[in-house]
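The structure under discussion appears below in the form of structure tokens.
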Amino acid sequence: MPPNNTPTNLFASANAASEICEGLSLLQHRGQDACGIVTCGPKGRFYQCKANGMVRDIFDANSISRLIGGMGVGHVRYPTAGSFNNAEAQPFYVNSPYGIVFAHNGNLINTESLMRFMDQTAHRHINTASDSELLLNIFAYNLQQTGKFRINEEDIFTAIGRMMSQVKGAYACVAMLAGFGIIGFRDPNGIRPVGVATRKTGNGNDYIIASESVVADASGFSDWQDIKPGEAVIITRNGISRRQIAPPATFAPDIFEFVYFARPDSVIDGISVYRSRMAMGDALAAKVQDVLQKANIDIDVVIPVPDTSRVAALNLAQKLGLPYREGFIKNRYVGRTFIMPGQQMRKKNVRRKLNAMALEFANKNVLIVDDSIVRGTTSKEIVQMAKDVGAKKVIVASCAPPIRYPNVYGIDMPSRKELVAHGRDNEQIAAAIGADLVIFQTLPDLVDSVKQFQPSITTFDCSVFTGDYVTGHVNEEYLQHLEDLRADNNRAKALNLTLGALEGKGGGGIHGPPTNGSVGNGSAHSYDYEPRTGASTPISGTDDTVGLHNTWNSHS
């Protein structure tokens with residue numbers, strides 16, 4: 001399975017690495033397990049730096065100075081299945097044909113049949129358990145079928161079309177061809193986000209492809225456009241080409257991007273994440289008022305769980321005329337617990353991450369607002385913290401409906417047994433997390449909160465709430481396989497990883513595209529080199545990432 005990653009690709013008139021690094025920092029919330037950048041310099045040579053860890057830990061002035069070239073791909077990763085070593089940090093690379101660097105966000109669901117195809121027909125070796133590497137090799141195989149010494153945009157569009165007919169699942173991808181340009185494409189259902197923007201310079205235009213629009217905003221790019229479902233974009237020195245590759249399918253962006261995953265200052269598929277969360281708070285207020293009236297409970301204060309639920313909680317409080325208080329103070333140097341790899345690790349980190357102020361809880365009926373309740377680990381610890389400092393009653397309100405099914409498209413919740421709502425009703429969920437009452441947003445209200453800002457999108461992927469998977473091909477056998485894989489990886493992690501390596505809400509050691517399946521966060525810049533595709537990149541060094549010299553931790 002691929003890791004959920006966010007890619008940033010830059011095609012610019014100057015060295016791209018520093019801006020790619022800044023873009024990855026803006027997308028760090030999408031993955032904290034590993035990060036990497038590969039740039040393309042003169043004569044089509046690739047330069048690479050990638051390792052397990054946060055962007056701030058992997059990239060410094062020295063490492064960035066070694067990443068030469070005006071075109072590059074970057075990625076941050078949190079894994080959703082597979083292993084957890086440096087070899088699965090993205091971007092990935094193959095030298096044939098033409099030299100390709102690749103980053104992926106999402107998750108493929110037909111990996112077994114694709115692996116057989118790789119073995120029996122394509123005769124390509126897949127070195128890791130990552131479906132991102134698998135997807136790269138499917139793309140490379142189809143590109144190789146042209147049999148040409150030099151390829152053009154038409155050949156690339158054709159190869160992507162053939163690839164899209166073979167693979168099933170969610171994928172938002174960026175690829176870089178040595179000396180040629182940057183490519184971005186999105187699965188026919190548009191489940192994972194990706195877009196492109198432009199920046200004018202004295203020498204022409206720079207281009208960026210990224211998972212979220214905030215990267216373009218912060219870097220001075222404009223005219224952000226989402227890549228459409230089934231569409232491919234090719235950027236070269238001569239400009240940008242776009243084409244609809246796949247036949248029409250149900251456009252179903254993942255609604256969990258708006259609930260939790262994306263930054264509030266991003267716009268995805270024309271929908272402001274911030275405005276959608278405001279609307280979620282308004283809709284939840286009506287449900288909360290109705291439930292509390294029937295339960296004959298008066299609320300003294302509304303308190304959000306930092307940070308994602310703040311926007312909705314504030315709107316809810318305003319709608320109900322209740323005081324809004326910041327009762328939990330967050331330690332910003334501990335990562336997001338949702339995407340941490342082990343239950344025990346999440347439990348430890350909740351109290352390291354949050355501190356409850358007794359002043360706001362003592363002798364009060366408290367309404368705690370959270371964006372969602374996934375495993376229940378965070379919610380249980382938070383409820384207990386509130387009671388420990390004197391809360392009389394603790395009611396938990398979730399901006400999302402109960403999550404009862406695994407996400408198979410690149411967000412780390414693959415095991416049904418780990419979901420607190422699976423097989424439980426609201427009363428049982430409240431008991432499981434220690435709350436006096438739990439209130440969930442209804443699915444129609446959640447969908448309306450997002451859809452109202454882009455009525456042309458009639459469907460969202462809501463599979464974590466309904467168990468209906470828009471791509472099809474997800475059955476009980478497949479879900480059980482995912483759960484078995486996750487259990488195996490958890491056992492391996494327990495033997496090999498330590499606390500420090502696992503901090504972060506999506507970071508952690510289970511590999512899977514996505515990232516949270518995964519397209520990495522990346523940037524692409526154009527460089528004044530001779531456009532060509534005939535030569536392979538030399539293998540100038542080795543480590544556990546095969547093919548390219550990795551400058552990580554290099555002092556020479």
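Glycine residues also receive a Cβ, built from the backbone N, Cα and C atoms like all the rest.
These features come from TrEMBL:
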DOMAIN    1-238  domain 'Glutamine amidotransferase type-2'
BINDING   Thr308, Asp370, Asp371  Mg(2+) binding site
REGION    533-556  region 'Disordered'
COMPBIAS  534-556  compositional bias 'Polar residues'
Report summary line: For the domain 'Glutamine amidotransferase type-2' (1-238), the averaged pLDDT of the predicted model is 92
Query raised in the report: Where's the emptiest Cβ shell within 10 Å among the binding-site residues Asp370, Asp371?
Result: Asp370
**Report entry** Sequence-distant neighbours of Thr308 (Mg(2+) binding site) in its chain (C-beta under 8 A, six or more apart)
**Finding:** Tyr260, Pro264, Arg277, Asp371
**Report entry** Additional residues surrounding Mg(2+), by Cβ distance to the Thr308, Asp370, Asp371 centre under 8 Å
**Finding:** Val259, Tyr260, Pro304, Val305, Ser309, Ala312, Val369, Ser372, Ser398, Cys399
